[in-house]
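Report on one structure; see the data block that follows.
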Amino acid sequence: MTITISAVILAGGKARRMGGQDKGLQILGKQSLIEHVINRLQPQIHQISINTNRNQTEYAKFGFPVFSDELPDFQGPLSGMLTALEKTKSDFILFTPCDTPFFPMNLLDKLKSAVKNDRTLIAYACDEEREHPVFCLMSVQLKEKLRHYLASGERRLLQFMKENGGISVKFTQEEGNFENFNTLDDLKKTVI
């Protein structure tokens, strides 16, 4: 089974715990968080887009297509995912958040293997501690179900995935980690 895949970095949230600062544009070391994410994604996949609901001009400077949620009012990652699924020409989209710069370099390979081997429409990451559903490979075939799910008022990402046959794919600490940065203090405490 040959499938086409593109990637979308989700940077469309309000970042309330970061004092409203745009997470993806915050600096860790000498680069913004989104630059760290791009640097980890590029060896894995070439077709990358950025989903953001503000600072589009700043994000466009990274050289990738930028788009906003079609649904208003910052409705969470599923809103960005739905917009991406409606716009893509790919069979699947690899989603990553903009605030998690150390995710595994084999993220796409393992999620793609799970999709192919288990013939599922969604595979998402987990580690020894918990599930990380924003790191997922999702089929465009789910866009209608996702549209109806959001229209019903639901916003729970993991619930949507489980209701639609999503499977978790385990990653070890050695492969990378899913530590994200939610506050400016988190960034200040981290040395790279």
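Using N, Cα and C of the backbone, Cβ positions are placed for all residues, glycine too.
When Asp69, Asp118, Asp127 are compared with the GTP site residues Leu10, Ala11, Gly12, Lys23, Asn51, Asp99 in Swiss-Prot, the one appearing in that site is Asp69.
Under DSSP, Lys23 (GTP binding site) is assigned to a helix (H, G or I) in the three-state scheme. Around Asn51 (GTP binding site), a 10 Å sphere centred on its CB holds 25 further CB atoms from the protein chains shown. With every protein chain in view, the residue among the binding-site residues Asp69, Asp99 whose Cβ has the most Cβ partners within 10 Å turns out to be Asp99.
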